[in-house]
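Feature annotations, courtesy of Swiss-Prot:
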- 52-85: repeat 'TPR 1' (REPEAT)
- 92-125: repeat 'TPR 2' (REPEAT)
- 138-171: repeat 'TPR 3' (REPEAT)
- Trp144: mRNA binding site (BINDING)
- 174-207: repeat 'TPR 4' (REPEAT)
- 209-241: repeat 'TPR 5' (REPEAT)
- 242-275: repeat 'TPR 6' (REPEAT)
- Lys250, Gln281, Arg325: RNA binding site (BINDING)
- 294-328: repeat 'TPR 7' (REPEAT)
- 329-362: repeat 'TPR 8' (REPEAT)
- 367-401: repeat 'TPR 9' (REPEAT)
- 426-459: repeat 'TPR 10' (REPEAT)
Amino acid sequence: MGENADGDQVMENLLQLRCHFTWKLLFENNDIPDLEVRISEQVQFLDIKNPLGMHNLLAYVRHLKGQQDEALQSLKEAEALIQSEQLSKRSLATWGNCAWLHYHRGSLAEAQIYLDKVEKVCKEFSSPFRYRLECAEMDCEEGWALLKCGGGNYKQAMACFAKALKVEPENPEYNTGYAVVAYRQDLDDNFISLEPLRKAVRLNPEDPYLKVLLALKLQDLGEHVEAEAHIEEALSSTSCQSYVIRYAAKYFRRKHRVDKALHLLNRALQASPSSGYLHYQKGLCYKQQISQLRTSRNRQPRRQDNVQELAQQAIHEFQETLKLRPTFEMAYVCMAEVQAEIHQYEEAERNFQKALNNKTLVAHIEQDIHLRYGRFLQFHKQSEDKAITLYLKGLKVEEKSFAWRKLLTALEKVAERRVCQNVHLVESTSLLGLVYKLKGQEKNALFYYEKALRLTGEMNPAF
């Protein structure tokens with residue numbers, strides 16, 4: 001009975017800690033192997049002044065995999081960093097994780113030792129909590145952990161870095177974290193990451209990763225000269241590794257220098273053969289080459305053979321991506337679009353449906369999948385009714401993203417064409433009413449709704 005009571009007390013204390021076991025890190029179980037690879041790469045390649053957090057996250061992921069000995073080893077590496085760098089506040093997450101891990105291993109005495117270490121630091125900094133310290137350093141640690149665990153965590157990660165920056169506005173690491181997570185969320189045309197990236201580069205002038213992200217954002221804005229300068233600086237850096245090269249490859253692919261992008265990706269894959277993201281980027285390169293062939297004026301007889309060959313290469317790369325990251329929904333979508341290009345319609349439809357079946361889709365991704373699946377149905381399967389259904393489902397996801405606006409445009413175009421061609425006239429006119437309502441143009445919306453009602457009356461006098 002006493003042992004259970006001790007266990008209950010230890011658990012009560014553990015729940016007060018700020019560490020990876022208590023932060024609500026959202027990711028799918030299927031993502032854990034790829035997450036482990038990405039964390040290992042970040043520890044190895046990404047020039048972070050303090051890799052302590054990545055060792056801690058690696059330990060947590062290994063714990064989730066049931067690899068308790070390996071998890072303990074990662075925490076020992078983190079503890080070694082604490083001792084060598086004389087860290088105090090930032091040691092709290094490590095010691096908290098150690099306490100949790102020993103608890104799960106059944107070592108209550110060991111767990112209590114680490115709880116005592118946390119308590120000592122909390123007392124040192126006059127925390128009102130016995131096992132918890134509110135400080136910028138811990139906000140930063142939590143922010144990095146959330147950032148690394150994927151899109152479902154980005155808003156919370158941004159809040160953590162913003163909170164830390166209120167305390168130290170010029171801190172280089174806090175600005176790095178804030179800029180990176182802003183970039184990851186900057187998927188619309190409001191460019192929320194541009195100034196944070198500029199500031200982070202100013203505070204971290206030797207960081208090639210930040211430079212390549214800034215280059216990509218400048219490319220979005222059409223600032224090509226400045227973007228190219230940052231890319232050249234990033235690639236010439238002595239610390240430039242595969243984590244930087246993959247983003248540089250994205251820059252060159254978007255610049256239509258696909259051969260250069262493929263060269264960089266192959267170079268990065270030699271260092272990181274288990275990176276799902278690198279395979280995905282290669283797939284996008286082959287997909288872009290297919291589009292270039294389709295729009296080329298050069299009508300060579302072998303062009304269709306080239307399309308088939310490129311399609312198979314793209315599909316292979318997306319399949320490799322999904323072996324490593326089984327829940328990466330956009331790999332399914334891009335593979336489906338390539339399959340549609342070579343008339344593999346059944347396979348394409350299955351992959352679109354797999355992408356939509358992911359229950360953890362963030363809003364703008366869900367909207368984008370509905371848009372691209374709808375286009376497939378409209379233009380490849382000639383099924384406008386089903387396409388309209390998908391556009392409407394996407395618009396029900398209410399976040400006003402870039403994808404949401406493209407859905408609205410797609411619905412407007414198909415409705416206008418159907419009205420002109422007198423196809424399902426009442427329904428099509430009503431759809432135009434909905435389009436204008438969603439645009440906020442109430443007067444136009446009312447016009448089309450009333451027109452639809454009049455058409456209904458003409459077609460069905462008994463109504």
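For all residues, glycine too, the Cβ spot is worked out from N, Cα and C.
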Cα separation, Arg325 (RNA binding site) to Trp144 (mRNA binding site) (Å, whole number): 20
DSSP three-state assignment for Arg325 (RNA binding site): coil
Lowest local Cβ density (other Cβ within 10 Å) among binding-site residues: Lys250, Arg325: Lys250
Number of other Cβ atoms within 10 Å of the Cβ of Gln281 (RNA binding site) across all protein chains: 23
Around the Cβ of the residue listed as 'mRNA binding site', the count of other Cβ atoms that are within 10 Å: 27
Composition by DSSP (helix, strand, coil) of residues within the repeat 'TPR 2' (92-125): 30 helix, 0 strand, 4 coil
Leading stretch by Cβ pairs under 8 Å, where the reference is the repeat 'TPR 8' (329-362) and the options are 92-125, 138-171, 174-207, 426-459: 138-171
Taken over the repeat 'TPR 3' (138-171), the model's mean pLDDT: 95
